[in-house]
């Protein structure tokens, strides 16, 4: 569906353009600036919801609201934007999390103009990543997003903020180069040079080039997801970032990695994905178990939540590797669910830090007595994270497991092994989450912490937490609230990828027959095809 008015351009540029007016605003201890930033974020979020309600057709798997304007025609670079079922729910998630993160940053005193400028610039970059349809445009916006995050951590972070910010920029910047290298390799192949991402997905590449490009994209997006062993920047970044920045980092930026895997690795390189899908599943299992076990040993509250994020993002890899619509649907739902859950947990971790001035769990022990409402909200959020039935985490993880169970691309033995190992991580999750709640809120009271009265969560903070918990419960009770926005698209992508299975099976029948459940059927199909020639 083409829309005459360039709504996507407006949505992408509005926060950034508005940010440039911040230096001329009257400032009284940052009050004017913070209200201005919140108003822009609310306007952007509301406008996004209105535009997609009116112009987005969830029953179509095609790109919609397409906008293409020549930018640098000499090199084929266009300002090209469009959305589909992958982009729309993630843009809406971006709007909710960023708006609440700006509202959460109400007490920023140090350089408030710069802080809110960077938050709005980061908001624009996230929208641009999900809407970009030109390879170079995607890469430029992806790189632009790194700068605000680096500054937000290095200026407003904790004691080790410079180390954490530098580690973040090194990992992500180096990883991003693989997007450019792999993408340009695809663009220059053949006689028809194109930077349009949809056109790149329609080319027929040699298998070697497709596998190399897939590996490059996997490294780039694996850093952002993150995938073990490319994850080590994340605990440091979360451990030092302020709570609002952690909300955006966990709630949206990690999802950019999952989005990239689906958009580039699945949609553009389906043949290579058949080869790499078992690798993604293995990496997903490692993420789930490693993240859960490592989280259990963390004494820093935010570092424990960071490793929890690594574990939960492993389910995204399982869903992507399942090679069917159910699994891919579950991967998308897990990204949306984790975005909400991680945002509220990191926000509440910030609430406790503002009162106790520590992230060491043994020093916060027993604060439920002074902060009962915070305790209740943190417990509810932890229940969502450990996949309590009735909350979004349960539905998303269950959908991923169903996707694996129903996949005809793997043998029963392989599927049972994967599900068993992933279930180990699921079992460990409530252990480290409930232990965290007990140690922070209900453990033995730390004497120095109770020499002063701790103020409980205030109405503004309660509103922020409930604004994230309500959709978590809504999706858990009625998943169609979320899935209806993307299930047609994920089903179409999964069908497209699954169509590459027979070709891969034909060229690798001995190995394929050992690993996959559908090999006998595909063997008959390929044999009949060969005999008919």
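Cβ atoms are placed via backbone N, Cα and C, with glycine included.
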With Swiss-Prot as the source, identify the stretch among 168-188, 357-377 annotated transmembrane segment.
168-188
Quick one: which of 208-228, 439-459 does Swiss-Prot have down as transmembrane segment?
208-228
I'm validating the feature mapping. Which of 114-134, 492-512 is tagged transmembrane segment in Swiss-Prot?
114-134
Which stretch from 5-25, 33-53, 168-188, 242-262 shares the most C-beta pairs under 8 Å with the transmembrane segment (331-351)?
242-262
Under 8 angstroms, Cβ to Cβ: which one of 86-106, 135-155, 168-188, 208-228, 384-404 has the largest number of such pairs with the transmembrane segment (33-53)?
86-106
For the transmembrane segment (135-155), out of 5-25, 86-106, 208-228, 242-262, 384-404, most C-beta pairs under 8 A are with 242-262
